[in-house]
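S.K.: Once you've had a glance at the structure underneath, I'll fire off some questions.
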């Protein structure tokens, strides 16, 4: 009995010594010259990664932690140009409240942003339409259109301000390899991040914010469910034919994919047009005038319609009218496009991605590294900011309760709370994409009736809005 | 083998067949005179023998380790209310807490980690040694708890109205004289201080699920940990606390999901419950 206990004690001390030793060997081993040891390393300094660094840096509970942000591109000076950038995001209320709490929003407001107060979505293959009006649903704007680089600049302004002292940033960081910690319950090792220039960093918690092709996710070796849509998204900055109070987001479902116009200011909008790859290649080759004609066609052209669908739709709207519900007849006309900003046309591939696990021992994924969606509902980056908010909350809760930030039960809480929100959203967006790329009359009829009915029934509409804004 | 079977049979019989003597120690006025100690020798012996693996996260005390995730917040928020932006990693700084029946120090270390000045007491010398040893070996724990091998009634002699908080988590069900126990626990508490208990409820559900199934079938809890007739109900607890000049602030039900090793607060107090009370001025 006594002997057993002594052996136990001996073992316990050797384990401890080994833990200390392993840190030492890391420092002395020439091959792995650990330059610095951090509590948290964030790989990827995009919008989501930088916002996370900012949120962690500002949290009073994490002021004692050393945080490192690794960004692959060099530090660029940002200047607000008179012409809008062609890459914009629509930020929902949830993202706005996160940005406001981090005091980032004021920088965006000071520069420029455009609220979306109305949203009209309609089908090219029928008369079906849905109209969202911010005032009778949220008492607030539906979303805000902000340029990617402006938002990133606003986050960086706050991140590098004197209020955040514990976050270090390495720009132009090229990561060559990750060696993730192995948690066998006894000796917790560190995550090792190796750089191409020979630097080696160690950390307790590694956060992968490195986009859809996440190297952190690959190092985790988790199952990643993904497919390509064989579609491209074409973006451009549009000059509208007429000046107006431009606060409406327009989206028309063409048989080839949705075309959407997001308001930028009174005379400009941003285009996001998803279509099959072959069509996209053809459109990219057109001259700018021809491209403008193609956009106007896409917004205005009458597509061939099925008689049966037409008849059912008019029958439905007459019933809706009789019941005193909105029948979708009061549609607004979309703007027409005069020209596009020179050289603003660009295309990017569209895909779906879902990482089955968001976490591993001492590792967590946020943003596009964990999930990727079709841009048709403007949800992608908002899901990423939702990750930031939840992860910050769970990590600070862990510290407030006296746990390590890498403790699995808090990381698991993060994973399940985010997957519970993200996966249904991703599935809904994917289903919409599939539903609207079919032009068989029965399918067109079903979706048109569905859309019409959703438009008429206020509670359903409100439900959709509240999911999309949180 | 035969011995084990015999032992098991005895436990079964004892736990299942014994009619609950409606907590003798609570109702009987003679109890305090006949047993003027909270110690029950066979309980101490039982715990002292199962201690080799006390700090193994997947060992016999697995459920106690994961229980920290809810009892630490309960105690923290009971003692300190702090605005969201002003939270610090050591919310319990400068709070003196007594962990009665600290065992191997699982809860004591967790409370010390968030800043509390913890004193852990236990009647088992063996367990106090384990707790002491573990906290010395834990290099990350700077603010170490103090461990003393004693009973709460002895501790009261030189610590009258000394602590800001008193915790007895999963302890009172092993205590002989519950009235003396609660009286002593309240005695060491400053007026205005808070006292916390967690314990299984004395219900048929606990008898079947909490004792028979989890000790003898699923082996979640070591065999012989709980005895049905030693358990107390929330009503009895409230009664004893109110009688000792305490105001019961809240009673939560607790639930343990053994598949996920996760605890949660629930409405039903059928299985386990947590009770928080404030000592009146």
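Including glycine, each Cβ sits where the backbone N, Cα and C put it.
Remember, TrEMBL labels are computer predictions, not curated facts.
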S.K.: If TrEMBL gives B:71, B:122, B:169 as binding S-adenosyl-L-methionine, which of B:101, B:104, B:187 does it give for that site as well?
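M.R.: Only hit among B:101, B:104, B:187 in TrEMBL's S-adenosyl-L-methionine site, alongside B:71, B:122, B:169: B:101.
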S.K.: Write out, in the order they occur in the sequence, the residues of the chain not among B:170, B:173, B:174 that have a C-beta within 8 Å of the mean position of the C-beta atoms of the recorded Mg(2+) site.
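M.R.: The surrounding set, listed in chain order, is B:101, B:171, B:172, B:175, B:199, B:200, B:225, B:226, B:230.
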S.K.: Given residue B:170 (Mg(2+) binding site) and residue B:101 (S-adenosyl-L-methionine binding site), what distance in Å do their CA atoms have, once rounded to a whole number?
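M.R.: Each residue's Cα considered, residue B:170 (Mg(2+) binding site) and residue B:101 (S-adenosyl-L-methionine binding site) end up 8 Å apart.
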S.K.: Could you tell me which of these binding-site residues, B:122, B:170, has the fewest other Cβ atoms within 10 Å of its Cβ?
M.R.: B:170
S.K.: Need one number for the S-adenosyl-L-methionine-binding residues B:71, B:101, B:122, B:169: the maximum pairwise CA distance in Å, whole number please.
M.R.: 19
S.K.: What are the DSSP helix/strand/coil residue counts across the domain 'Methyltransferase type 11' (B:98-197)?
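M.R.: When I sort the residues of the domain 'Methyltransferase type 11' (B:98-197) into the three classes, I find 41 helix, 29 strand, 30 coil.
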S.K.: Over the domain 'Methyltransferase type 11' (B:98-197), what does the predicted model average in pLDDT?
M.R.: 92
S.K.: Hey, what's the Cβ neighbour count for residue B:174 (Mg(2+) binding site) at 10 Å?
M.R.: 23
